[in-house]
Amino acid sequence: MTASTISKKKSYVSAGVFGLLLSAGYLRMSLDLPMGALDEPGAGLFPILVAAIMAFSSLATIWEGMKAPSTDAIEIPSGSDRARLIKLILLLSTYFVALPWFGYSVSSFFFSAALIRLLSKSSWVRCALYAAIMTAVVYGVFIYLLKVPMPTMALGF
């Protein structure tokens, strides 16, 4: 199988512009959340920080693309690497769609287990164990330490 390539300059600039648009939308949505006070930050602070870091990273990506020679190319994954990349994109898309319906805990558990299984050859039992630990730790940090509510189930149970 022959490998396809794309221009490094165009791909970096395109990815950076996409990241800037995504961070602007994320920032816009996060401004609807309460900011809280200086001594007790609200739910809106973390998303604003994430949007700022994402925008900075996107600008750095654009800058890197502008500096790259026009002759540099990036190899597009093929074969099993391409299949794994497509599965990862589908898995992320499914997670984002499932999150409002099934809440953080259920969606994140299944996403984490499937992601670990996709990226490793661990057994499903081990993947489920790691997923449960990761989901519980992140839930604990956000709910109890940061006091940020996580999405809950929309299905009513």
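Backbone N, Cα and C define each Cβ position, glycine as well.
Nobody curates TrEMBL annotations by hand; they come from automatic prediction.
According to TrEMBL, the feature domain 'DUF1468' maps to 16-151. The transmembrane segment annotation in TrEMBL covers 12-31, 43-63, 84-103, 123-146.
The largest share of C-beta pairs under 8 angstroms with the transmembrane segment (12-31) comes from 43-63, of the ranges 43-63, 84-103, 123-146.
Mean model confidence for the domain 'DUF1468' (16-151) is a pLDDT of 90.
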